[in-house]
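Visitor: One structure is given below, represented as structure tokens, and several questions about it will come after.
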Amino acid sequence: MRILVAMSGGVDSSTAAALLAGEGHEVIGVTMRVADYSDAARGRSCCAPDDVEDARAAARRLGIPFYVANVEARFRERVIDRFVDDYVEGRTPNPCVACNTEVKFDWLLARARALGAKLATGHYARVEERGGRRRLLTAADPAKDQSYFLYGLGQDALGDVLFPVGALAKPAVRAEAARAGLAVAEKPDSQEICFVTLGDAGDFVALRAPARVRPGEIVSTAGEVLGRHDGVHRFTVGQRRGLGLAGPAPRYVVRLDAAAARVVVGSAEEASRDRFEVREATWVSGAPPGGAVELRVKVRHRHEGERGTVRARAGGAGAEVRLARPVRGVAPGQAAVFYDGDEVVGGGRIA
């Protein structure tokens, strides 16, 4: 089988390539160049120059062809610009979801198909055929599971993608990399947003859109002015740290009013929600569930999930979510992903 492997230069995707090559497949390595990095940014994140060279070295070690695909324009339009727009408009984006949906499993998958190949990545997730359809499942290692970022994959895509490390725990992946003689076997995992190479997300947004960043007031839910801020792009709903406010009780961001350049803060209870709407919903099966269904809902990657009822809106492009109990930090713009046991049912952007 011919398989195109998306190689980021990390241990997971390099091991995915090694496992597939070891099974005798015709493996082709490719790294996506998503941004123009300066020398100062080297080594900070995946897909930076040093990582491209790590991917190239892994491919050389495995004896497979290797290419670099320039996707800067598409990535800028579909991921970076949306990231900036969301932050300045008071939402909390999830660029990894956008990258997977709009670039990796769209543009790159199309290139793989043009070569008569499947597409493999180093994601920790699994795909299985059950009941006559393809199902997206959580990884065998719960601590590394990345299915949250993949909810946008439908039946068509799942038929042509492979997740070779999804059934392995991280130590086993590193052991396989060492066995294959890969220099990245002990390379640390990337923790940063891949295109934010200097500073944090707030600094990145301020540099990309300085004219759209406005200082403003930090106010209580009762309207009392408590302080000032440098821009709503530096905050997210549910945030506690970094508010710069004194007081006997902790305060959390309750909502962001970008139009008024106002950050509203309150108690943990006020920053929690048990009902919300989801927009831009997609369903792995290709069709929304009928009526109200009981599912586990994750409102961010590291969230264990909360039991709730999900009711798809007419047409399936949206959904109403009612949680069994309030959850703090249900941030507009973030992904809400729905699970039935170990199966990803679908997801969308929190309204």
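A Cβ is built for glycine as well, from the same backbone N, Cα and C atoms used for every other residue.
Computed from a predicted structure; not experimentally measured.
Annotation comment: Swiss-Prot describes Cys99 as active site, nucleophile, evidence class sequence analysis. As annotated by Swiss-Prot, active site, cysteine persulfide intermediate applies to Cys194, with the evidence given as sequence analysis. The ATP binding site annotation in Swiss-Prot covers Ala6, Met7, Ser8, Gly9, Gly10, Val11, Asp12, Ser13, Met32, Gly122. Residues annotated as disulfide bond in Swiss-Prot: Cys99-Cys194. The site 'Interaction with tRNA' annotation in Swiss-Prot covers His123, Gln334 and is backed by sequence analysis.
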Visitor: For the ATP binding site, please report the maximum Cα-Cα distance among Ala6, Met7, Ser8, Gly9, Gly10, Val11, Asp12, Ser13, Met32, Gly122 in Å.
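Guide: With Ala6, Met7, Ser8, Gly9, Gly10, Val11, Asp12, Ser13, Met32, Gly122 as the binding residues for ATP, the largest Cα distance is 16 Å.
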Visitor: Give the helix, strand or coil assignment DSSP yields for Ser8 (ATP binding site).
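Guide: In the DSSP reduction, Ser8 (ATP binding site) maps to coil.
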Visitor: From the Cα of Gln334 (site 'Interaction with tRNA') across to the Cα of His123 (site 'Interaction with tRNA'), what is the distance in angstrom?
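Guide: Their Cα atoms are separated by 20 Å.
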Visitor: What is the interatomic distance between the Cα atoms of Gln334 (site 'Interaction with tRNA') and Met32 (ATP binding site), given in whole Å?
Guide: 24
Visitor: In angstrom units, rounded to an integer, how far apart are the Cα atoms of Cys99 (active site, nucleophile) and the residue listed as 'active site, cysteine persulfide intermediate'?
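Guide: Between the Cα atoms of Cys99 (active site, nucleophile) and the residue listed as 'active site, cysteine persulfide intermediate', the distance comes to 10 Å.
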Visitor: Mind telling me which of the active-site residues Cys99, Cys194 has the densest Cβ neighbourhood, counting other Cβ atoms within 10 Å?
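Guide: Highest number of other Cβ atoms within 10 Å: Cys99.
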Visitor: Find, for the listed recorded positions Ala6, Gly10, Met32, His123, the residue with the lowest Cβ contact count at a 10 Å cut-off, counting only other Cβ atoms.
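Guide: Each of the recorded positions Ala6, Gly10, Met32, His123 was scored; lowest Cβ tally within 10 Å is Gly10.
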Visitor: So, in DSSP terms, is Cys194 (active site, cysteine persulfide intermediate) helix, strand, or coil?
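Guide: Coil, per DSSP.
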Visitor: Under a criterion of Cβ-Cβ distance under 8 Å and sequence separation of at least 6, what residues of the same chain contact Asp12 (ATP binding site)?
Guide: Gly122, His123, Tyr124, Val165, Val173
